[in-house]
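Structure first, commentary second.
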Amino acid sequence: MSAVAPDGRKMLRLEVRNSQTPIERKPEWIKTRAKMGPEYTKMQNLVKSEGLHTVCQEAGCPNIYECWEDREATFLIGGDQCTRRCDFCQIDTGKPEALDRDEPRRVGESVVTMDLNYATITGVARDDLPDGGAWLYAETVRQIHEQTAGREAGRTKVELLAPDFNAVPELLREVFESRPEVFAHNVETVPRIFKRIRPGFRYERSLKVITDARDFGLVTKSNLILGMGETREEISEALKQLHEAGCELITITQYLRPSVRHHPVERWVKPQEFVELKEEAEQIGFSGVMSGPLVRSSYRAGRLYGMAMEQRRSATV
């Protein structure tokens, strides 16, 4: 009898193999404290009363208290089905719904309603679309910028966490021309295990996307997830390669397994190693680094953007 995933489909062989390893027990340092400040409480009430949806609350992000206190939030676009499968990601792989061309406008309205200082837009890969979803990502940035142009506290800044669009120059250009304050593309892991963890992507292609974004003049960002089988030396090498590719901002985090169908946790990285990696990344030359067990790629995103801009200003003096 074939193993069946929760969504009713037949499980992939990789998922069956992953399922043979029970969910790992988290160490004591993988925990967070709820610090509900006044801005967080306002945001929580607003999201509930207006029926808004953010990745922050729907994914149970441990950093929601800090981010919402800073009036920062993350939105997922493109639907809930991805055309690629990464072995760490909880988003389902399958055939997406038809493109919702009104979604960018609605996301913009949500940003206005929440009065955000900084919005991170992420989404699924849409290889089913002729443009890979490039218009959708670009239009969402445009809508947020247009709808918040008259905001008293200043236009909402947008960070776009995008797929690679197969590194097609025309598609990347369309996205870049929407001028997000930050263009993020996450490599997530090191070259040796990249194909196993992210079979739909290519490491060198991801580096090229980051280089192209930097050459276009955008602030660039990426993320590394630790605990999926990489070595300490490989992390250091990946950091150097990312910086050489033009990456300015980096987040480094611990892999937390979403379910038994996903890649097992190979190791729990101790807090001290995250401290050491932060220092190493800063020495390599990254403008801003967030490194810790519960850091996520959108964690303190506005603060990291500020670090990049400060570094750029210093370089021109």
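Yeah, the Cβs are placed from backbone N, Cα and C, and that goes for glycine too.
The annotation in Swiss-Prot ties CYS56, CYS61, CYS67 to [4Fe-4S] cluster 1, and of the candidates under consideration, SER297, SER298, the one tied to the same site is SER298.
With respect to Cβ neighbours within 10 Å, the binding-site residues CYS56, CYS82, CYS86, CYS89 differ, and CYS89 shows the lowest count.
Restricting the average to the domain 'Radical SAM core' (68-287) gives a pLDDT of 96. Within 8 Å of the centroid of the Cβ atoms of CYS82, CYS86, CYS89, where the record puts [4Fe-4S] cluster 2, the same chain has further Cβ atoms from ARG84, ARG85, PHE88, GLN90, ILE91, THR93, VAL124, ALA125. For CYS67 ([4Fe-4S] cluster 1 binding site), the same-chain residues 6+ apart in sequence whose C-beta sits under 8 angstroms from its C-beta are CYS56, CYS61, ALA73, THR74, SER298, TYR299, ARG300, ALA301. DSSP assigns CYS82 ([4Fe-4S] cluster 2 binding site) to a strand in the three-state reduction. For the binding-site residues listed here (CYS61, SER298), the lowest count of other CB atoms within 10 A around the CB belongs to CYS61.
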